[in-house]
Amino acid sequence: MDEKLFTKELDQWIEQLNECKQLSESQVKSLCEKAKEILTKESNVQEVRCPVTVCGDVHGQFHDLMELFRIGGKSPDTNYLFMGDYVDRGYYSVETVTLLVALKVRYRERITILRGNHESRQITQVYGFYDECLRKYGNANVWKYFTDLFDYLPLTALVDGQIFCLHGGLSPSIDTLDHIRALDRLQEVPHEGPMCDLLWSDPDDRGGWGISPRGAGYTFGQDISETFNHANGLTLVSRAHQLVMEGYNWCHDRNVVTIFSAPNYCYRCGNQAAIMELDDTLKYSFLQFDPAPRRGEPHVTRRTPDYFL
């Protein structure tokens, strides 16, 4: 299709998605094909320039994503970096992930979308995205288009050479960013190994490496964060993956920050959400927000299993 025509169609899709109306199956298919072409050119450590606004988990809470854009500025007026977990748990995974992918295809230089541990075939079959696709489309094709696309998402991003962003955390198999650049990311998230760790690990109060209670990834202490940041010339590791009640949380003597962008997570946790604005000098400020007002929540019968780690 002619590029100008496609852009026009894309703008119509974005307009529709902004009203929380899903695209057709064939539209999702062509959107995902276009997104693959763009993402395949991105690095495992995708370089991002400031100013940029960094966001954590969204988890299908579409109306709260709209609130995030209201607080942080619309795309493409504001540059965004999302650190994964677009789907599962919330009621609107389909609309949420479709909108973010559409914005990526439309404004590729202005938005970066990383892979979270929920951008996986296995996890989405348990925590809601698969069932939601079946409910909204009557078959699993849309789930397949998206989960195939997830394999192409970059694993990490580097803002101005100094702030390292990723979904989960560090890995005992990775000392340098070059180690990450050398990984083959075009695959389902493995059960173990460096790629798994980047999407599953958590910072911990105890030093060194520890066994993760999640059953994947590791816990890592302040000594590990400091060593990693120093070795790679970094000032900060920015990550998501954990519910924090204020929406953001410093740890490891400000070597690591956790950002969580799904307010009142699972519609019941009572937490605030936050995003981190980095200005052109890399000064950061946090914007906190509460859930968007909702009219008439859909009633979902099947309760998905809980894990709040």
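Yeah, the Cβs are placed from backbone N, Cα and C, and that goes for glycine too.
Since this is a predicted model, take the numbers as computed values, not measurements.
According to Swiss-Prot, the features are:
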type	residues	note
ACT_SITE	HIS118	active site, proton donor
BINDING	ASP57, HIS59, ASP85	Zn(2+) binding site
BINDING	ASP57, HIS59, ASP85	Mn(2+) 1 binding site
BINDING	ASP85, ASN117, HIS167, HIS241	Fe(3+) binding site
BINDING	ASP85, ASN117, HIS167, HIS241	Mn(2+) 2 binding site
MOD_RES	TYR307	phosphotyrosine
MOD_RES	LEU309	leucine methyl ester
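HIS167 (Fe(3+) binding site) sits 8 Å from ASP85 (Zn(2+) binding site), counting Cα to Cα. Cβ contacts within 10 Å of HIS59 (Zn(2+) binding site), excluding its own Cβ and spanning all protein chains shown: 26.
When other Cβ atoms within 10 Å of the Cβ of ASN117 (Fe(3+) binding site) are tallied across all protein chains shown, the result is 24.
Spatially, by CA atoms, the recorded positions ASP57, HIS59, HIS118 include one closest to HIS241 (Fe(3+) binding site), and that is ASP57.
If you measure from the Cα atom of HIS59 (Zn(2+) binding site) to that of HIS118 (active site, proton donor), you get 9 Å. The Mn(2+) 1 site is defined by ASP57, HIS59, ASP85, and by the 8 Å test on Cβ atoms against their centroid, the other residues of the chain that qualify are GLY56, VAL58, GLY60, GLY84, TYR86, VAL87, ASP88, ARG89, GLY116, HIS118, ALA240, PHE260, SER261, ALA262. Cα separation, HIS118 (active site, proton donor) to ASP85 (Zn(2+) binding site), rounded: 5 Å. DSSP assigns ASN117 (Fe(3+) binding site) to coil, not to a helix or a strand. Same-chain residues with CB within 8 A of the center of the ASP85, ASN117, HIS167, HIS241 CB atoms, the Mn(2+) 2 site residues themselves not counted, are ASP57, MET83, GLY84, GLY116, HIS118, GLY168, LEU199, TRP200, ALA240.
For the pair ASP57 (Zn(2+) binding site) and ASN117 (Fe(3+) binding site), the Cα-Cα distance reads 10 Å.
Same-chain residues at least 6 positions away in sequence with a Cβ under 8 Å from that of ASP85 (Zn(2+) binding site) are, in sequence order, GLY56, ASP57, VAL58, HIS59, GLY116, ASN117, HIS118, GLU119, HIS167, ALA240, HIS241. The number of other Cβ atoms within 10 Å of the Cβ belonging to HIS167 (Fe(3+) binding site), over all protein chains shown, comes to 26.
Under DSSP, HIS167 (Fe(3+) binding site) is assigned to coil, being neither helix nor strand in the three-state scheme. ASP85 (Zn(2+) binding site) carries neither a helix nor a strand DSSP state and counts as coil.
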